Amino acid sequence: MKLNLPFNISPHVFVFILSFAFSLILGPVLIPMLTRLKFGQTVRDDGPKTHYKKTGTPTMGGMIFLIPVTVLAAFYAGHDRRILPLIFVTLGFGLIGFIDDFIKVVKKRKDGLYWNQKMFGLLLVAVTFAVYLSHTHTSDIIIPFMGMDKTVSLGWLFVPFVVLVLIASTNAVNITDGLDGLAAGVTLIVTVFFTIVAMTRSEWEYIKMFSAMVAGGCLGFLTFNAYPARIFMGDTGSLALGGAVGAIAILMKMPLILLIVGGIYVVEALSVMIQVLSFKLTGKRVFKMAPIHHHFELSGWKEVKVVLVFWTITVLLCILGFFALRLKFY
C-alpha cells in the first residue's frame, strides 16, 4: 500500500529525511547521557596504538538510528503490515546487541554475552523469520548477471539458507564495525542501493520505505560517528544493521546480490576466518591484524583513509550490483 502525503515529496525521501532528522535529535540527548552513565567502549589491548585514545568513548550508540527506524516503521505498519518482519529482525537483533553491550559496560564482562547465549538469541530471531517467510513468500532467489526475472527455487533449503544469510550478515557487519564511520557508511551506501532497486517494482514499496529509513538513520548517526567518533554504535547497532540488510536482501530475493554490494562485509569477515584458520594450521598470521581494516592501519594507512577507500569500494560494488541485476529503468 502506497503512503499518500499531503505535499509533493516522494514517500521514501520523506521517511529518509525524518529518520535522519530524528537521529540528529537523539544524538545530543543520548551521547551526554551514556557518558554520564560511563557506558564507555573498551579498546583491544592488541589493537592499533592510535585506538587507545578511544577508550571510554560512549557505546550503545546504535540506539541513535535503531529508535527512529523502529518508530517510523511501526507507524508505516499501519499502512502496510508487510514491513513487520523487517521490524522484527532489526529490533530483535538490536535488542540482543543491547543486552550484549549492557553486560560489557555495566557488568564489566569484557566479551558481553557468552557466545552460546548470543548465538541462541540470533538463531531464535532468524529461524522465526525464516519459518514465517516459508509460509508467506516463495523460496526463489535472483541469480546475479542473469536479470531480475531469472530466479532459482531453493525449496526445502530455503529456511536454513535464510538463517545462514541473517547470521552471516549480522556477524559480518559486526566485524566491519571497527573504525570510525566504517560500518555506518558502508551500510548507508548499501541501503541506498536497495532503496533505488526497490523503486523498480511496486510490490517492494514497503522494502523501499524501510531501506530508506535505515539509510536516513545511518546518515544521521554518521554525524556523530565519523572520525573522530563521539560515540560508537556497539553491538546494539551493528547487529541491528546486519539483520536489517540481510532481511532486506532476502525479501527482495537478492542475498547473492548482497554478496556483491556488501563486498566489504564479506572481505572483513573472510579476513578474520583466514587469520584464525592460518594461525591454527601453521602458527602464522596472513594479516598484520584482523579484521583487514586493522591490517591497513598497521601498514601505515590513516584511519580516515581506510574508511574513505572502503566507502568508495562499496559505491563501485553497488554500481556492479546494478549491472548484476541488469536493471531497466522505464
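Glycine is no exception: its Cβ is also placed from the backbone N, Cα and C atoms.
According to Swiss-Prot, the features are:
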TRANSMEM  13-33  transmembrane segment
TRANSMEM  58-78  transmembrane segment
TRANSMEM  83-103  transmembrane segment
TRANSMEM  113-133  transmembrane segment
TRANSMEM  152-172  transmembrane segment
TRANSMEM  179-199  transmembrane segment
TRANSMEM  209-229  transmembrane segment
TRANSMEM  231-250  transmembrane segment
TRANSMEM  304-324  transmembrane segment
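Pairs of Cβ atoms less than 8 Å apart link the transmembrane segment (209-229) most often to 13-33, out of 13-33, 58-78, 83-103. Residues 3, 15, 18-19, 22-23, 26-27, 30-31, 34-35, 39-41, 84, 86-87, 90-91, 94, 97-98, 101-102, 104-105, 184, 206, 209-210, 213-214, 216-218, 220-221, 224-225, 230-241, 244 of the same chain lie 6 or more positions beyond the ends of the transmembrane segment (58-78) yet place their CB under 8 Å from a CB of it.
Counting same-chain residues at least six beyond the ends of the transmembrane segment (83-103), those with a Cβ under 8 angstroms from any Cβ of the stretch are 39, 59-60, 62-63, 66, 69-70, 73-74, 76-77, 109, 112-113, 118, 121-122, 125-126, 128-129, 132-133, 166, 170, 206-207, 209-210, 214, 234-240, 242-244, 246-248, 251.
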